[in-house]
Amino acid sequence: MTIFLKNAKIIETDNQLKLVNVFIQEKKIHAIDHQEYTADKIIDLKGKLLMPGLVDVHVHLREPGFTDKETIKTGTKAAAKGGFTTICAMPNTNPVPDTPKKHRKIKAFIEKDAIVKVQQYAPITRELVSDELVDIKEIDAFAYTNDGVGVQTASVMYEAMLEAQRNNKSIVAHTEDNSLLYGGVMHEGNKNKELGLKGIISATESSQIARDVILAQETKVHYHVCHVSSKESVAAIKMGKAIGANVTSEVSPHHLLLCEDNIKENNGAYKMNPPLRAREDKEALIQALLDGDIEIIATDHAPHTQEEKALGFDGLFGIIGLETAFPLLYTEFVEKQKIFTLEQLQNWMSIKPKELFNLQGNFMKIGDLADFAVFDLETEVTINENFIHSKSSNTPFMNQRVKGACVLTMVEGQIVYQEGL
């Protein structure tokens, strides 16, 4: 099948928008120019933004085991709605994919139901909570993580890093020292005292990053830090880079957009892990992204049922983010504050994640796979139940007005989402 995308605006290296035509043939980009083409399908983008498909390295699809919250089918529909053509699924499922057989079984579910490309993580240790390493070589996942739990024992993390390095794999770390949690449900700051809730100190996260970057320097593994949330964590990452560790990191949209000041009441939509921290932490994360100390943006899409989130801060940690990530970031930081550029968003949300994890996809070159997302930068829409394609709707951004919604998503030349074109 051939597809002709007319009148597309693409981002030039100097952040200028250029009007082009794109011809797609046999799943790949055949031409990016100003020519007219005959094709099986012709779509006039009418000047809308055409980007390489977004990549999210931190997504919870909840299947198997928690399909009341999300499924592979609904989660990948949410990804397509948000412009994501590749997502990476966390292993905190039931059962945990901690053997080759279990890992293959989830990959079979993905093959059957996913409408975007899904990379499936494997855990670092058996059942996520033990100190027994999985067989990294035999499972052969694209990367390994104990997301949601973290590796509590330094020697276990050290051994995991050694084995990952031997097999040319990445260690992806949810950094959280459980001995420092003290039953906390939100950031230890002004707001938790105001609401009478137990706090989580920033050192819960940053102390484990400091431990791990030293181990990463020793083992030479690629070590990636999940959902960085505090200024102290940024300092620990910078320290790791300074001593020669191959350390990279991600920040979630909600930690760039919100802080503890946004929490007005005991509302479960604002309960996430790591928690929303102080305004100065949010500012440090924005600056770290601009400076390159944090390399990418990842949503940590974590769906839960309405009943679970109705419990307020007694409920479960996590919010969804696939559908809302790009429009929220574009509206706040490109259009309003003008501190990010479209070129930067493209790098942080598409180009750089592929580079860090050696993922195939579209780098906007002839011959690349035709993974595309089209965004409407002019029309304002409301984030509401109709906007959300996930099975869950746990987001603090409900009813917010945004621009930059995705109107078309294409995976290897196949349209998997289209609305408003």
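Using N, Cα and C of the backbone, Cβ positions are placed for all residues, glycine too.
These come from TrEMBL:
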- 47-233: domain 'Dihydroorotase catalytic' (DOMAIN)
- HIS58, HIS60, ASP147, ASP300: Zn(2+) 1 binding site (BINDING)
- HIS60, LEU61, ARG62, ASN92, ASN273, HIS304, PHE317, GLY318: substrate binding site (BINDING)
- ASP147, HIS174, HIS227: Zn(2+) 2 binding site (BINDING)
- ASP300: active site (ACT_SITE)
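Projection of TrEMBL feature records onto the structure.
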{"residue": "HIS58", "record": "Zn(2+) 1 binding site", "contacts (Cβ under 8 Å, 6+ apart)": "CYS88, MET90, ASP147, CYS226, HIS227, GLU250, SER252, ALA298, THR299, ASP300, HIS301"}
{"residue": "LEU61", "record": "substrate binding site", "contacts (Cβ under 8 Å, 6+ apart)": "GLU70, THR71, ILE72, GLY75, THR76, ILE87, ALA89, MET90, THR93, VAL118"}
{"residue": "ARG62", "record": "substrate binding site", "contacts (Cβ under 8 Å, 6+ apart)": "LYS69, GLU70, THR71, GLY75, THR93, PRO303"}
{"residue": "ASN92", "record": "substrate binding site", "contacts (Cβ under 8 Å, 6+ apart)": "HIS60, LEU128, ASP147, GLY148, VAL149"}
{"residue": "HIS174", "record": "Zn(2+) 2 binding site", "contacts (Cβ under 8 Å, 6+ apart)": "THR145, ASN146, ASP147, GLY148, VAL149, GLY150, CYS226, HIS227"}
{"residue": "ASN273", "record": "substrate binding site", "contacts (Cβ under 8 Å, 6+ apart)": "GLY148, GLU176, PHE317, GLY318"}
{"residue": "HIS304", "record": "substrate binding site", "contacts (Cβ under 8 Å, 6+ apart)": "LYS69, GLY315, LEU316, GLY318, SER392, ASN394"}
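Annotation: ASP300 carries the greatest number of neighbouring Cβ atoms among the binding-site residues ASP147, ASP300 [cut-off 10 Å, Cβ to Cβ].
Averaged across the domain 'Dihydroorotase catalytic' (47-233), pLDDT in this predicted model comes to 98. What surrounds the Zn(2+) 1 site, by Cβ distance within 8 Å of the Cβ centroid and not counting HIS58, HIS60, ASP147, ASP300, is the set VAL59, MET90, GLY148, HIS174, CYS226, HIS227, ALA298, THR299, HIS301, ALA302 from the same chain.
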